[in-house]
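For reference, the structure is listed below as structure tokens.
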Amino acid sequence: MSSNSDTGDLQESLKHGLTPIGAGLPDRHGSPIPARGRLVMLPKVETEALGLARSHGEQGQMPENMQVSQFKMVNYSYDEDLEELCPVCGDKVSGYHYGLLTCESCKGFFKRTVQNNKRYTCIENQNCQIDKTQRKRCPYCRFQKCLSVGMKLEAVRADRMRGGRNKFGPMYKRDRALKQQKKALIRANGLKLEAMSQVIQAMPSDLTISSAIQNIHSASKGLPLNHAALPPTDYDRSPFVTSPISMTMPPHGSLQGYQTYGHFPSRAIKSEYPDPYTSSPESIMGYSYMDSYQTSSPASIPHLILELLKCEPDEPQVQAKIMAYLQQEQANRSKHEKLSTFGLMCKMADQTLFSIVEWARSSIFFRELKVDDQMKLLQNCWSELLILDHIYRQVVHGKEGSIFLVTGQQVDYSIIASQAGATLNNLMSHAQELVAKLRSLQFDQREFVCLKFLVLFSLDVKNLENFQLVEGVQEQVNAALLDYTMCNYPQQTEKFGQLLLRLPEIRAISMQAEEYLYYKHLNGDVPYNNLLIEMLHAKRA
């Protein structure tokens, strides 16, 4: 911040748990934007003991054994980076034993315990750390961990003869095939994600859209407005204040899948999941995007992805809130003050951004971060999240030759294209090309939520206090997405890589959108008390 007073205001806000986005940032004339009460405020987030066990501490830091390296697919060595580690103790695995890959030591321990019907007790609190160096200290906790990661009691022979009950053969065969696919994919693709730097420089002189699009206004009049049933969504209501639709998440410790993703070093952060998932279909209800490619059962969805789905907002409720807000905006204006179509679109995008911020602040992992890190991540990716949200809406709901709005209305694409300026037309064209690519890939809801988290937890953001957590989330989500695509789309061997290659395209479109929005803002077409502009100023500061 440029002045002592601005810094003092910001520090005072932080003391009370609130930080204005864009406060003290310069406007187009170089003057600081005051920290008005109408700006979005972020609450001071205290780190919860969320359980990638209890070792995050006050700083929200990840435990040492989860300090993972940045996810890259350049020069990936299968032997080094995809080497299997025992899920019980972290030692090198020797093969499939009693339901999953384990080391020789844990195999023998599990077999002796079951065959001899041993009963152990723990002299501590039944949460002893089990690793290669101290796996023999507490047999009780070691055996419990064997069971929790999926070793099967029924696979041990009761007659003490060598060799287990080989009823898991098909599962082992499938798991081996999956690993070979991973190895081939990683070696073949050699992906390196780089953000595209091409941004169209030409700015349009003006934007006028045909009155045919004005059906947005008339359609909104037909929707019954029930303010009692809808929480307020205006600028005086911060999306960082708990609302009736805020999501609640169980502690990490209760999530079975995290034992695979979050408890071991980076080379073990892979979702092999030899046994079926326990999550029920009801655990992913509440999200209305029903994609055409929904063929996978919960048994083939990594547990981490199921938890990401739980963070998703209720789309009909978001749609109703935005429509109610637009109704109220129009009702409060006289005939001569009615919003232009462009102004209406800006309000629509602005309210969509509010819902995205609400989603982020209630999401798993993100809420573990301190306020400063949350602000930096959101300021970095807000436009990408908006574009991704729009793109996915078109993939799922859009019809050929039309644009599907967040309010649930279809607008003729050709009308917008014929009336828009050069830059907006180009931007829309690129967006439609991306929609077509994702449709051809059969882009689905599970992949959508993974990409959202990959965009939000960007490794490009500098000066993060808890970069290790961001890095860990990137690797976990990448691993879950890889497993999901391999398991559910085996015929599309390159799908994982193709999805990742869409991220630079989303970044390029978002950069174009930011430039266009800033141009319209300089022309006075977008008001200051707008979250889009506050975010834009914060990113450019």
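Cβ from N, Cα, C; glycine included.
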Residue carrying SUMO1 cross-link as stated in Swiss-Prot, selected out of K118, K270, K495: K270
Range annotated as motif 'FTZ-F1 box' - as stated in Swiss-Prot, picked from 88-107, 168-187, 408-427, 428-447: 168-187
Close approaches to the zinc finger (122-146) from elsewhere in its chain (Cβ under 8 angstroms; 6 or more beyond its ends): 65, 88-91, 102, 105-106, 109-110, 113
DSSP-assigned states of the region 'AF-2' (528-539) in counts, ordered helix, strand, coil: 9 helix, 0 strand, 3 coil
Env. residues of Zn(2+) 2 site, Cβ within 8 Å of mean position of C122, C128, C138, C141 Cβ: I123, E124, Q126, N127, I130, R137, P139, Y140, R142, Q144
Extra residues within 8 Å (Cβ to Cβ centroid of C86, C89, C103, C106), Zn(2+) 1: L85, P87, V88, G90, D91, V93, T102, E104, S105, K107, K132, R135
For A422 (phospholipid derivative binding site), the three-state class that DSSP assigns: helix
Minimum Cα separation from C141 (Zn(2+) 2 binding site), reported as the residue among binding-site residues C86, C89, K520 that achieves it: C89
Integer Cα-Cα distance in angstrom, K520 (phospholipid derivative binding site) to C106 (Zn(2+) 1 binding site): 64
Nearest-integer angstrom distance between the alpha carbons (Cα) of C106 (Zn(2+) 1 binding site) and C138 (Zn(2+) 2 binding site): 13
